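The structure appears below as structure tokens.
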Amino acid sequence: MTKQKIAVLGPGSWGTALAQVLNDNGHEVRLWGNVVEQIEEINTSHTNQRYFKDITLDSKIKAYTNLEEAINNVDSILFVVPTKVTRLVAKQVANLLKHKVVIMHASKGLEPGTHERLSTILEEEISEQYRSDIVVVSGPSHAEEAIVRDITLITAASKDIGAAKYVQKLFSNHYFRLYTNTDVVGVETAGALKNIIAVGAGALHGLGYGDNAKAAIITRGLAEITRLGVQLGADPLTFSGLSGVGDLIVTGTSVHSRNWRAGDALGRGEKLEDIEKNMGMVIEGISTTKVAYEIAQNLNVYMPITEAIYKSIYEGANIKDSILDMMSNEFRSENEWH
């Protein structure tokens, strides 16, 4: 692939790691963010200490606070901003774009209020005149491992297989590999909802439960993610792939996962506001729990784990009681998909 110019919007942990992957592949990478001190640090010290204490970035990676400069004459734009500001940033990009680009996103969440997936937001806010079909970059990936060039396999999903293949070539190298998929609904739904299950898995650990319980919540969590995804139009096979069970395993079993750590703290009795303050990073699983619960209620989809987490976070229920209540639910077949 010839050298591409790529704007990465969002210099958080994942945005920074993906910027490094793209830089390793010989592309011109421009990181954009709105925290002046952070951008200056990346440009002068070539570090991003808030997220990576011992990592030095390549000096060729340039960071910007001016969005217009960051996206000027680029071939593609990668959104890696929190769900809650995706629409705002997309509006800003739409007002500045002067040529057609490939639009990608690597965030995982659902918009509160509208319940929309992030690709839908980008489609709504950026005119088709200035963009490709949206490409979703998602899968089992800790930024802490990708940044040290550990082997990582994820998915590039788009309704346009040509766009997905472009992104596959853009990122893939000897340690980072992408597989294509056309099931955007499934890939995005899996990526968003696994954060809820990760909160639950962390809570089980914080409460002192063992591996049996953790395996149970991951597998039954996958079942309810699939139930909702299929109801929304996803291909059930997607949930057995990298962006489904793969992402659920890595997020639901690792201390690298901020959602798992948040759940662990909840299980140990910490208050949510203290957890969010101490972590200093966005915990997408918290807001996604509310959105997923509302969607499930509207569509009458059985999601007991999501409901238990919702009641604990938003209704003040005791997390242990909420989990134990599931043990007295009506008996069901393992293969019920409704």
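Note that Cβ sites are derived from N, Cα and C of the backbone, with glycine treated the same way.
Here Swiss-Prot flags LYS194 as active site, proton acceptor. According to DSSP, LYS194 (active site, proton acceptor) is assigned to a helical segment. Its own atom aside, the Cβ of LYS194 (active site, proton acceptor) has 33 Cβ atoms within 10 angstroms in the protein chains shown.
Residue density at SER13 (NADPH binding site): 21 other Cβ atoms are found within 10 A of its Cβ, drawing on all protein chains shown. Feature annotation from Swiss-Prot assigns NADPH binding site to SER13, TRP14, LYS108, ALA143, ARG258, VAL282, GLU284.
For LYS108, GLY139, SER141, LYS194, ASP247, SER257, ARG258, ASN259, the entry in Swiss-Prot reads sn-glycerol 3-phosphate binding site, with the evidence type sequence analysis.
Sorted by the number of other CB atoms within 10 A, the binding-site residues ASP247, GLU284 start with GLU284, the lowest. On the backbone, the CA of VAL282 (NADPH binding site) and the CA of LYS194 (active site, proton acceptor) stand 15 Å apart. Here nothing among the recorded positions GLY139, LYS194, ASN259 falls inside 10 Å of the CA of SER13 (NADPH binding site).
Considering other CB atoms within 10 Å as the measure, the emptiest surroundings among the binding-site residues LYS108, ARG258 are those of ARG258.
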